[in-house]
Amino acid sequence: MAGSHPYFNLPDSTHPSPPSAPPSLRWCQRCQPSDATNGLLVALLGGGLPAGFVGPLSRMAYQASNLPSLELLICRCLFHLPIALPLKLHGDPLLGPPDIRGRACFCALLNVLSIGCAYSAVQVVPAGNAATVRKGSSTVCSAILTLCLESQGLSGYDWCGLLGSILGLIIIVGPGLWTLQEGTMGVYTALGYVQAFLGGLALSLGLLVYRSLHFPSCLPTVAFLSGLVGLLGSVPGLFVLQTPVLPSDLLSWSCVGAVGILALVSFTCVGYAVTKAHPALVCAVLHSEVVVALILQYYVLHETVAPSDIMGAGIVLGSIAIITARNLSCERTGKVEE
């Protein structure tokens, strides 16, 4: 049967061979970005970059009108509720299929806890440092949890980029941890870093639970549940733990609206990306949020950016480049005729 294999057929001189396609056409037909590459690019452009604006804008809203973190979380959750409309139009259950409804609600709860910790941390910790600790802890926890629970390993280049990004985050946040002020302010700052770490841990757990959900309307259902669970938990907590504030200036309302829109875009893109690529790599690419937050921290909030911040941001960008270049693979789309 070897003679019938296309690799063993000799060219027939009596029948002219068909004209070959142009090289550019053959390349387009033969190669396309892999699913992992598409996921990482979506996480970079749609997840990390918009999320980098969320922390500084939240801090601006707090500085302008002392907007509590739970009130900001409520405003963000309100942007998730309109997702119920397309779910109802398609006839999908708002809370997901009955057999996995519990896991979907648990995933939404983890997302809300992660967001709430992030908003609380950014009020007492510089926006860049809060994003650094949150993304660093989410990356490490995602790598460990995925390796232990899903037995999904990483290549050498992926580990190089992953460890490099974590090193960059340590360089950014390390000096700030060693120079904490004594007294009440130092305690609040330390608690802010702890909240940022817990936010990253909740984020990694939420991504892992989300990957275990398999039904057609998974992403919009979890997005709607995140808004619903966030409202049910934040509204009572706001009146018990904090004092509601009604912003009276245009800047605060603009920041709140921008935070809601950008956060929803980032949430959607990360939810798509984590189904295409390794969760740890998605979290590592999301470190671009730190770079954006540091830029806004310096130019918009006029807060100090140390040389170590610039050095760490450069290492983070280099690590993201390594991970992205490693996953810029091509998939063969055409099949060999037999």
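Cβ from N, Cα, C; glycine included.
For reference, Swiss-Prot has these:
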- 1-21: region 'Disordered' (REGION)
- 37-57: transmembrane segment (TRANSMEM)
- 49-174: domain 'EamA 1' (DOMAIN)
- 67-87: transmembrane segment (TRANSMEM)
- 105-125: transmembrane segment (TRANSMEM)
- 160-180: transmembrane segment (TRANSMEM)
- 190-210: transmembrane segment (TRANSMEM)
- 221-241: transmembrane segment (TRANSMEM)
- 250-270: transmembrane segment (TRANSMEM)
- 272-325: domain 'EamA 2' (DOMAIN)
- 281-301: transmembrane segment (TRANSMEM)
- 305-325: transmembrane segment (TRANSMEM)
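Secondary structure of the domain 'EamA 1' (49-174), assigned with DSSP and counted as helix (H, G, I), strand (E, B) and coil, comes to 103 helix, 0 strand, 23 coil. The transmembrane segment (67-87) makes no contact with the transmembrane segment (190-210), as judged by fewer than three Cβ pairs under 8 Å among residues 6 or more apart in sequence. Across 37-57, 190-210, 221-241, 250-270, the stretch most heavily in contact with the transmembrane segment (105-125), judged by Cβ pairs under 8 Å, is 190-210.
The stretch in closest packing with the transmembrane segment (37-57), judged by the count of Cβ pairs under 8 Å and taken from 190-210, 221-241, 250-270, is 250-270. Long-range contacts of the transmembrane segment (190-210) within its own chain (CB-CB distance under 8 A, at least 6 residues past either end) are made by residues 103, 106-107, 110-111, 113-118, 120-125, 129-139, 141-142, 145-146, 149-150, 173, 177, 180, 218, 222, 270-271, 274-275, 279, 282-283. Across the domain 'EamA 2' (272-325), DSSP classifies residues as 40 helix, 0 strand, 14 coil.
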